[in-house]
Amino acid sequence: MPMTPSEFKNRLLFGSLPRSSSDPTDLQFTEPNVPPSLFSLPEHNDDTATDMAPDQETEQSVSKSIARQALALLVVYLSLGVLIYWLTLDSDNAYQTHPVAVALYFFVVTFCGFLIVHFVVKIGWLDSFCFSVMMVTTVGFGDRAFNTWLGTFLAAVWLLVSTLAVARAFLFLADARADKRNRERAKKVLGESISISQFFAADIDNDGRLSLAEFAIYKLKQMEKITQEDFIQICNQFDKLDRTQSGRITLVDLTTATSV
């Protein structure tokens, strides 16, 4: 249909105008009036699913990362305990605890307080570890305190148990060092030969001969397993039992001593 002069003017000023609904050329392009829900989902559902998928993936990756870090720290902690115990292990001692058992012992002692502080006092993991270590060593942690009765009760029990456990551990270490020193001294004494001066020092009855008892007593003195005072007390007890002064203890002497 040809345009009028006014339509041509409006076309030049405002651009193309939408065709009227009466134009028959529009009928072939008109879509049927069908609800859009029959063919596609609403647009906001796609956006919501798109937004939730990355969040779920992020949370899963973070949880997996935390689990891996916790497992790695546990392995490192136990490995360090086993390594330290293994380096200080004395091969001469026949009665030794398995290194893994010792590492687990120290792990349980420190980790129990670590969990109590974290879940009861509600502080961070690193602060919980420092707090538990300071509680065990009775140093204290002035910046934090237990505000609930449950936390105070658990802290009281944990302080008592952990302090005794650490004291027992230090006692074990001191005994181990003393035993190691004694074994080294005994090994050195037994590896030495006796000199002339030592011969006269070991000859208790001064008869110019060393009996097995005299030699054993002298070696025990050198190993510091028996002192001169201990030897004197043993001799006094022997003299009390040897009533006949024969240098030997008989059954008659024992019977007389028992009846008295």
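Cβ atoms here come from the backbone N, Cα and C positions, even for glycine.
Positions annotated as region 'Disordered' by Swiss-Prot: 1-34.
Among the features that Swiss-Prot reports, topological domain 'Cytoplasmic' is placed at 1-68 (among others).
Sequence annotations record features per position, and here Swiss-Prot assigns compositional bias 'Polar residues' to 18-31.
The transmembrane segment feature in Swiss-Prot is assigned to 69-89 (among others).
Residues or ranges marked as intramembrane segment in Swiss-Prot: 127-146.
If you look up Swiss-Prot, you'll see 153-173 (among others) marked as transmembrane segment.
Across the topological domain 'Cytoplasmic' (174-260), DSSP classifies residues as 59 helix, 0 strand, 28 coil. The feature topological domain 'Cytoplasmic' is assigned by Swiss-Prot to 174-260 (among others), with sequence analysis given as support.
According to Swiss-Prot, the feature domain 'EF-hand 1' maps to 190-225.
The Ca(2+) 1 binding site annotation in Swiss-Prot covers Asp203, Asp205, Asp207, Arg209, Glu214 and is backed by sequence analysis. Around the Cβ of Glu214 (Ca(2+) 1 binding site), the same chain contributes Ala202, Asp203, Ile204, Asp205, each under 8 angstroms and 6 or more positions distant in sequence.
Annotation comment: Swiss-Prot describes 229-256 as domain 'EF-hand 2'.
When Cβ atoms from all protein chains are considered, those within 10 Å of Asp253 (Ca(2+) 2 binding site) total 16, not counting its own. Marked as Ca(2+) 2 binding site by Swiss-Prot: Asp242, Ser246, Arg248, Asp253.
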Among all protein chains shown, how many Cβ atoms are found within 10 Å of the Cβ of Arg209 (Ca(2+) 1 binding site), not counting that one?
9
Neighbouring C-beta atoms (10 Å sphere around the C-beta of Asp207 (Ca(2+) 1 binding site)):
9
Cα separation, Arg209 (Ca(2+) 1 binding site) to Ser246 (Ca(2+) 2 binding site) (Å, whole number):
19
For the binding-site residues Asp203, Asp205, work out the Cβ neighbour count at 10 Å and name the residue with the minimum.
Asp205
Rounded Cα-Cα span from Asp207 (Ca(2+) 1 binding site) to Asp242 (Ca(2+) 2 binding site), Å:
21
